[in-house]
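According to TrEMBL, the features are:
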| type | residues | note |
| --- | --- | --- |
| TRANSMEM | B:47-68 | transmembrane segment |
| TRANSMEM | B:80-99 | transmembrane segment |
| TRANSMEM | B:132-156 | transmembrane segment |
| TRANSMEM | B:162-184 | transmembrane segment |
| TRANSMEM | B:196-217 | transmembrane segment |
| TRANSMEM | B:232-259 | transmembrane segment |
| TRANSMEM | B:271-293 | transmembrane segment |
| TRANSMEM | B:299-319 | transmembrane segment |
| TRANSMEM | B:354-375 | transmembrane segment |
| TRANSMEM | B:395-419 | transmembrane segment |
| TRANSMEM | B:431-454 | transmembrane segment |
| TRANSMEM | B:482-503 | transmembrane segment |
Amino acid sequence: MTSALEIRGITKQFGPTKAVDSVSFSLEPGEICGFIGPNGAGKTTTMRIISTLELPDSGDVFVDGVSVLAAAREVRSRLGFMPDSYGAYGATTVTEYLDFFARAHGLRGRVRSQTLASVMDFTSLHPLAGKHIDALSKGMKQRLCLAKTLLNDPKLLILDEPAAGLDPRARVELRELVSALGDTGKAVLLSSHILTELAEVCDSVAVIEAGRLQAKGRVDEMMRATRAQAEVTCRVLSDPAAGLRAIAEMPHVLGARLQGEAIVFAFAGSDADRASLLAELVRRGVQPVDFAARVTNLEDVFLSVTKGTLQ
Amino acid sequence: MTNSASIESLPGSDAHGERPHGIFERLGDWLNPVLVKEVRQAQRGRVFTVALVATVLITLLSCVIMALDLSDSNTQPGRSFFTVVYVFVCGAMMLVVPFQAFSSMGSEWDDHTYEMLVLSNLKPRQIVMGKLLAAVVQSALLLAVFLPFLATAFLLRGVDMLVLGVVLALTAYASVWLSTFSIMLSAVTRNRLLRVLLMVMLGGGLASLVSGAAALAQEFINRPDQMADTEFWIALPQILVVFTLLGVLAFVITCNLLAHEEENRSSNVRILGSVAIFALLALVALNVGLATVGLPREGVFGFSVVGIFALTAVSVFLCSEPERLGRRVGPTVPRRPWLAFLTLPWYPGGGRGAAYLLLHLAVLVAGGFAIALFAEPPSYARTPASSSLNSEGGAVLLLSAVYAVLYTLVPIGILAMFTRNTSGGRKFMRTIAFFSPFLYVLVPAIFGLVVGSYELRSTRHVGNPVRTMAGSVSAFEDHRDGVFFILLPLALFGIVLALPKILRAVRETATARQAVPVERSDR
Ligand SMILES: Nc1ncnc2c1ncn2[C@@H]1O[C@H](COP(=O)(O)OP(=O)(O)OP(=O)(O)O)[C@@H](O)[C@H]1O
Ligand SMILES: [Mg+2]
């Protein structure tokens, strides 16, 4: 099966800065992939290259098997791109705006009106149909822009920071929209700064830093990999100093230290290793009262990956 | 939200919103989307409507004032009336409409909406055409609004119906032409500051054009007999042909400015250039044949020289294009080798640009001489002995071809050895090439200052085309040595510099068709 998106070693340089540096990864149909990285990591640049707006210095991108270099027009008809900042035409209503882009995509007659209706349904824009674009709120504009990118029934959606500036309710709605899109078999690549946002909706994440891809994988796998270095906090009934000594001798334990009454250490073993560590402590009479490994979230994945501690 | 319910209703499936589709809507489907958008925006924006109403009111007011001021002695009040109204017509159609087209294209950059147009898969041609059609609609609307005033002018007597019709038709033509030009100008740069500068220049240019056009129209209205001349009717279509070709060129250049880097952004200009050259030769031949005009031999050579210099200006761009065929252009080269070879000069690339220039120089020189055979000999040499082609005009034509090579292939060929073919490097090459005519004059002059040569210092040398090409018959004779020992070797040097590029272009063309384009990733 053809990948919805395949990036092959793209590089893009702006003057002295390598905005994107030999990045490769791919997305299968229906896959929702979070694209995370610190400011200036090269997310927007990568997305603009995928969307044919920028040419890579080297490498190529295939959208649904079509090269952005060799066939930019075909690529554009297969993808929808929602940029992080976009202009809107003044003096137009929501319907007119969508109608214009539907015409631009070559939709005619009944097909156009049906497409408009279904896209407006999907994004719940019907109540706003006659409203002027200038009068829309940020969240409404975002939905309008999403509706616009859906007009050509794209195989791949590129959303650059779609959640930025949305209130919590609008974010939940956006998340629902995105996962609904994934269910229809569209691949979605979305970048965001709000990492916890992505975990629920994404199947996979790609982490980029300083133009280089640091990691790409399924969310659960990445979490497990990060949990391998979970931070464990342990409080003991007996003398903490003795407990600290006992723990420091154990396998997979890194950098154990006292933090008030508690012993804090990084643990590099698996879940099973952690269970046997606890059993061993009990056997040695250390008497643990609290034993908590901090639950990993995407934030930790992100932090550990961008520090280069993974792989 | 109703996502789970509405997901089936994504594009493709049928849902609600079934509107009846009448004949007008079905026709509207085929309209240019950008035109539809622009007209809707103008309707809602009300700027245009307000401007229109205001203009009409002002016109009305001016007419009333004029009517009160009319003395009884004025036998042809229609003429004065027309003059007043026409200033407004002209200002609206030749200033407001092109200006609006300029800012409409420019706002696509400023409002960051252009990329959305690109992503919506509109071709550059459609975008430019949409903007232009919107200008046409505005022009037509303005004309319709002003028609009652103009009809009044006619009814007041003194205004010739034919003159009125021709003046209005030409005004409408100028309005569309200037809009095309303005759209091109606003596509030249995406830098806002530079565009403001261009806008000021455009405004000034248009304003002076309007005053010129108003004066011209008044002249025609007051002396309608000018339009009765056959010469007017011979000249007018020819001028229109030339301007239409220039307008199409502006349109095509705009499309290229908007197009994707990997697209073919050169062949359309090249083809248009060839058409223009043949049109020019055809017009010249036509004028030679027309008994009433009877273009003499000097005229034939003169027009060919103009053609050569226009070709030179375009060739500066063509010869400095990147050599490699774009990744979307390579696959379009014809499969048959002989066809690929024949079409080579019309494909993008600097080497192919050099081939294009040399080919068309040959066509212009040969065409000029061929037509001159049938033309009247020059007026100063109408003796039986001088019917041969060995006239000064022929020498000027040949010389201008030599200068064309000096101004394009020589500077670009030399600079190509030192500059990389990046977009900055190309801009540099083109700037130097455009200044090269001055460099050829100034550098020897400065050298003359140093060595104390009066001839060089006063620019009386072969680098100065005015010296060798204009003036008396003896001008060329005076510089015969310089032409043979400096200009010709230098031009040959330029051609020699271009030869490897042309050969490489031939080889690339030969292999381009064999390479299968990478369109599908095979996995
Ligand atoms: N047009 C450009 N000209 C010059 N440098 C650029 C350009 N676009 C991006 N860059 C640089 O490339 C790098 C990557 O930028 P990019 O916008 O892709 O990052 P990002 O990951 O989207 O950041 P953010 O999270 O802030 O949106 C940055 O250092 C930026 O300064
Ligand atoms: Mg960004």
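Cβ coordinates are placed from backbone N, Cα and C, and glycine is handled just like the others.
Caution: TrEMBL annotation is automatic and unverified by curators.
Counting residues 6+ beyond its ends, the transmembrane segment (B:196-217) has Cβ neighbours under 8 Å at 83, 86-87, 90-91, 94-95, 98-99, 102-103, 106, 167, 171, 174, 178, 182, 185-186, 188-189 in the same chain.
Long-range contacts of the transmembrane segment (B:80-99) within the same chain: residues 51, 55, 58-59, 62-63, 66, 70, 74, 135, 138-139, 142-143, 146, 149-150, 152-153, 156, 159, 164, 167-168, 171-172, 174-175, 178-179, 181-182, 199, 202-203, 206-207, 209-210, 213-214, 217-218, 221, each at least 6 residues beyond the stretch ends and with a Cβ under 8 Å from a Cβ of the stretch.
By the count of Cβ pairs under 8 Å, the stretch nearest in packing to the transmembrane segment (B:162-184) among B:132-156, B:271-293, B:354-375, B:395-419, B:482-503 is B:132-156. Of the two recorded stretches, the transmembrane segment (B:395-419) lies close to the transmembrane segment (B:299-319), with three or more CB pairs under 8 Å once pairs fewer than 6 apart in sequence are set aside.
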